[in-house]
């Protein structure tokens, strides 16, 4: 059932969401080849230059044919946030609408989709000294202990943040210590929702087994394409280290540990696939709470009929 209300003359925005390894890029490219849409990437790892294989980044040839915004905009030494993504995406949406085209936001970073659709409240800037202290406490006691502390002051945030998600635990505790208010309270205050009608399509595999097969196949393909060499080149840079957000991306942290001698290649494969499965599980949990979905599709259904479905939506049908 469609929840998007299309008014004549109101420019829409399209969302193409789904867990990892469900073919979102292929579907987005197919739409861009057939319809007047322009792709905006919604992926916290694709923003980084030099991280191509482990992110399944579209090839240079494909990007030349079908441009994607918000890919290769940062160096891996830099941090990126949901707030910055929202600002960048809104600017891109305005430009695409001004050109008479339709923005297609495609990816799997669910926090970015939420920030764009529902807005973000004003949050304090990062405090380097406080972050160093929290990292020191985590080194001494583990991120699980800090997650327990977060549960005491912001149970809502703790419920949605994985106990191993160091970056988000750190940020939630930082906000609490800087403001005396929980991240959840601040995020509910003063949000500005997206002002355009949204057509929202979600890709979801038919079964967990099929998704796991897709994930294993893709990770093996990444290894065959030179993923280890890609991380080795990044690891040689003196300004990059394992704790950076870019290097904590799924797959990259496992290859980094392999290069540190923590385990052998077969264990790398097992851990990389397991980490990707866990990532997909979190994405699916998030998606199941998503509201206003125009249609849920399997990858096969999307491949066979998504352009026609989106075309009907754009024509008001």
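Numbering starts at 1 and runs along the chain as it is shown here.
Cβ atoms here come from the backbone N, Cα and C positions, even for glycine.
Feature annotations, reproduced from Swiss-Prot:
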BINDING   18, 19, 20, 21, 22, 23, 24, 25  ATP binding site
BINDING   20, 21, 22, 23, 24, 25  substrate binding site
REGION    43-46  region 'Interaction with substrate tRNA'
REGION    167-171  region 'Interaction with substrate tRNA'
REGION    281-288  region 'Interaction with substrate tRNA'
SITE      109  site 'Interaction with substrate tRNA'
SITE      131  site 'Interaction with substrate tRNA'
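Take the recorded positions 24, 131: by the count of other Cβ atoms within 10 Å of each Cβ, the lowest one is 131. Long-range Cβ proximity for residue 19 (ATP binding site), meaning a same-chain Cβ under 8 A and a gap of 6 or more residues, is found for 108, 203, 204, 205, 211, 279, 280, 283, 284, 287. Calculated from their C-alpha atoms, the gap between residue 22 (ATP binding site) and residue 131 (site 'Interaction with substrate tRNA') amounts to 35 Å. The two recorded residues residue 23 (ATP binding site) and residue 109 (site 'Interaction with substrate tRNA') have their Cα atoms spaced 15 Å from each other.
Across the region 'Interaction with substrate tRNA' (43-46), the model assigns an average pLDDT of 98. Residues 18, 19, 26, 56, 108, 203, 214, 299 surround the recorded substrate site, their Cβ atoms falling within 8 Å of the Cβ centroid of 20, 21, 22, 23, 24, 25, which are themselves excluded. Considering only the recorded positions 18, 24, 25, 131, residue 109 (site 'Interaction with substrate tRNA') has 18 as its nearest partner by CA-CA distance.
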